[in-house]
Amino acid sequence: MVKAYLRYELASSWGVLASNSDICYTHDGAHLVTAALENVNIWNVKRALVVETLKAPATQSGKPVGEITRLAASPVSDQIAAGHSDGTVRVWSLSSGELEATFSGHRSGISALRFSADGALLASGARDTDVVVWDVGAESGLFRLRGHSGEITALAFLPAAGALVSSSKDGLVKAWDLGTQHCFQTLTGHPGEVWSLAVSEDQRRLVTGSTDDLLRWYVVAETGGDGGAADAGGSAAGRELLSPLGTVSRRAPDRVAALSFGADGVLLAQSAGRGVDLYRMRGEAEAARHAKRRRRRRREKKGKAGAKGGEAGGADAPPPEDADDSDEVTAQDELEALPVLRSKHKVRAAALVPGARRGGTLGLVLALANNSLEVWECAGRAGEDAAPPARLALLDAGGHRADVRALALAGDDSVAVSASTAGVKVWNPRTGSCLRTVEAGYGTALLFVPGNRHVVLGTKEGQLAVVDIAAGEVQLELEAHTSTVWSLTALPDGNGFISGSGDKEVKEWVWTLEPQEDGPPRLGFKHTRTLQMTDDVMCVRVSPNGKLLAVALLDATVRIFFLDSFKFFLSLYGHKLPVLCMDISSDSTLLITGSADKNLKIWGLDFGDCHRSLFAHADSVMQAAFVPGTHYVFTAGKDGVVKYWDADKFEHLLTLAGHHGAVWAMAVSSLGDWLLTGSADRSLRRWCRTDEPFFVEEEQERRLESLFEADLEGGDDRRPVGAPAPGDEGSAAPAARRTLESVSAADAIVEALDAAAAEEAALEEWRAAARSNPSLPRPAPSPLLLGLAPDEYVLAAVRRVRGPDLESAALLLPFGDALRLLGYVAGWLRGPARGGGAAELMARLVALLLRVHLGQLSVTPAARGTLTALRDLLHARLGGAKRALGFNLAALGTLGRLVAEQGLGAAGVKRSAAVAGL
């Protein structure tokens, strides 16, 4: 009988306030958007509350969703775009919380993301050096731009010029014509990588930041220009869009990390360290006055220098010219430096708070590298009376400042406690809400005290502390060891616990109640026995029957002692590197050990024999735990995954992937129905057991298929990053990339075509036979067609393909199937009840197939009639759709004028529309 197991799946995750991504405000300025690993957090900053979390659904291939690396907000709608480390871009609707589109066009992580001014286009740049422009409404890729040889760092649209500007780590800034899809200007002269660029709100200025302390200022031509080559390091092909205007020195010592403009003309220059430079753009008249004053000061300085030179007898030698001595308005005239903002921690991202503030001050939100957010206020103008930047708020309660190093669950699973570098946090494990934060030392081990009101914390400094989680305070601290406390384990009778430390000692402690003069007795503990070891103690465990004590040492051995006398019993050899974790089953018969040698070993505690050694993880095994009452095992490793095992059959059951860093801590619930994990990515994740059964053989086949699918997805483009594809050395290329979803879509279309062809062949045979035998009954329709006619079945299969996958699916269709599909398209366009209403979809499908198979179609006589029919049908259908669109736009314009002129509400608009016949 094949055994079935129940599947575990990710139920929730929390603890991350802002991960390694930029931050931005929504178009209305009401909410702040931050990345929380693979999720998107929507903040109400005034209330210091996450109002919504956007969670990406699981991928079709079962791979975990990549971490978010870039965020962008549409300037005109509630859409949010998130670029992930796996090269996908997801577009969300903030009002509905739904995922509207998923774009897969890059081979590596997204490094730049930008919406166009009208929100219709989305440009993405990645570490694979490509820039892809997407049509957000049509959910499809328009084209791919190739020309950079390094990672894309920033993008900006210039709608007046119909251009897109990109910067890269190759030290170049390129301007692309969105109409011809070619680069027409390249700016050089940066000393190294160009880390960011930004365009002012009025589209008149562009600024770039590189590895030095200079901001380079460029003028954007109003009409796009048609002149020759660009000077001062710029080269143009046909026209010059950007021309240099000068440089401005920054005051922060680190390189530029990000540049952005606010709506009020404020330039934010975030450095790679702790500083943020702010500048205010002067108006044209104010900049001209500043240039005039600069020229006057220059003349005065030259006059004084000439007078001194004449007195010294050297009046004939003119003073040297300053590089910034220009009679024209320069970058220094247009930018006014504001006070520098310096945080105590490294700044990962920064955003200007939109909207006017009291007193003309500026609001900023900083996302720090220690998983927290800061709200600052700065003066809007420079001057001696300008107030220095001030921090208004700190948002840090919902997560740890560093890695989650230890976890513990209460006996009734109602409360979870996690430890990090600065103390412990108390959580509700079912909702993920933080209940308490207790400042303590660098926690490395945790243990709940019977009663679930206190926890014992072992620290890196060797201390043991009793924490009252209800009061949120440390009640007792004791210098228990002289080195790090690596492990704590409770005694089965509940009278005390065992601690193991790097000072080569194992100590036994018993609980005590210490009387207090001004209150009830306080919980404490007393040292009773010490077991001296020959090497550092990495982990200790006591068997549930209270007979044995297992001690893992730094010398890669495990020593077993009798708990009552500390007398030696067994020594377990076999690991090549130190044992970092272990656990004993509930029946005290099995011991599991996980080591830095990446192996999991299963031992019998009767004779100390090794039942099996399993290669468990791709890196060190950090945690191992039995499911209570069973011989099922969970292991967690530095490779970021959690694995589920059967210790009786020595089989790997499941792989739970989701963390984006090493998994340091793990705790299994008392019933084994869920477990909690903590990671170096600072997140805590709750994995729950579902009612879905699975078989080991099916999971093994699934894992093998995932390997083949990964090869399938990457097989379409294996060129080195930055190298042009064969036969595609130009600047533009198709935006589509082969993914598992597009391959499945192409297979579904081919299967639908084959099923429809089989059904039509059966009907044709019946018609031929019915001519000689009219009483011959009509054959029963195929159940594969789900009660649909053959052409309707194919149309349903095409409509099920997501918009972003349609282009890739069309690229994968063989010529024969493409020709058959074109024939069906012609039939759909003839029938308005079927496909005629989807004229845009039909036109797009025909255009894709013609682009791919144009050469073969042009020399195939059988395709001539189909193509001629498609030309006429598409012309008629698209003309009708165009007229309907024009009518709808005119009606909306009329309603807009009614609202503007009469100030009507929704009911008034309906009445006026009815009167107008709209």
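Glycine residues also receive a Cβ, built from the backbone N, Cα and C atoms like all the rest.
Curation does not apply to TrEMBL; its annotations are automatic.
Predicted, not measured: the structure shown is a model, and the values here were computed from it.
Residues of the same chain lying 6 or more positions beyond the ends of the repeat 'WD' (68-102) and with a Cβ under 8 Å from any Cβ of it are 19-28, 31, 33-40, 42, 52, 54, 56-57, 108-115, 117-119, 122, 124, 126, 128, 134, 136, 139, 737, 802-804. The annotation repeat 'WD' is assigned in TrEMBL to 68-102 (among others).
Taken from TrEMBL, the feature repeat 'WD' covers 103-136 (among others). Residues belonging to the repeat 'WD' (103-136) score a mean pLDDT of 93 in the model.
According to TrEMBL, the feature repeat 'WD' maps to 145-186 (among others).
Residues or ranges marked as repeat 'WD' by TrEMBL: 187-218 (among others).
The region 'Disordered' annotation in TrEMBL covers 284-330 (among others).
Residues or ranges marked as compositional bias 'Basic residues' by TrEMBL: 290-305.
Feature annotation from TrEMBL assigns compositional bias 'Acidic residues' to 319-330.
Marked as repeat 'WD' by TrEMBL: 478-509 (among others).
Taken from TrEMBL, the feature repeat 'WD' covers 572-613 (among others). Distant neighbours of the repeat 'WD' (572-613): 538-539, 541-545, 547-548, 550, 552-560, 619-626, 628-631, 633, 635, 637, 645, 647, 650; these residues of the same chain sit at least 6 beyond its ends, with a Cβ under 8 Å from one of its Cβ atoms.
Sequence-remote contacts of a segment are chain residues at least 6 beyond its ends whose Cβ falls under 8 Å from one of its Cβ atoms, and for the repeat 'WD' (614-655) they are 3, 5, 7-8, 577, 580-586, 590, 592-602, 661-668, 670-672, 675, 677, 679, 687, 694, 696, 699, 703. Residues annotated as repeat 'WD' in TrEMBL: 614-655 (among others).
Among residues of the same chain six or more beyond the repeat 'WD' (656-687), those with a C-beta under 8 A of the stretch's C-beta atoms are 8-16, 19, 36-38, 63-64, 67, 371, 399-400, 402-409, 411-413, 416, 418, 427, 429-430, 432, 619, 622-623, 625-630, 632, 634, 636-644. Residues annotated as repeat 'WD' in TrEMBL: 656-687 (among others).
As annotated by TrEMBL, region 'Disordered' applies to 709-736 (among others).
Per TrEMBL, the feature domain 'Small-subunit processome Utp12' maps to 790-895.
Long-range Cβ contacts of the repeat 'WD' (478-509) within its own chain (Cβ-Cβ under 8 Å, at least 6 residues beyond either end) map to 444-448, 450, 456, 458-465, 525-546, 549, 551. Outside the repeat 'WD' (187-218) by six or more residues, the chain places 150, 153-154, 156-160, 165, 167-175, 230, 232-235, 242-250, 252-253, 255-263, 265, 267, 269, 272, 281, 330-331, 334-335 with a CB less than 8 A from a CB of the stretch.
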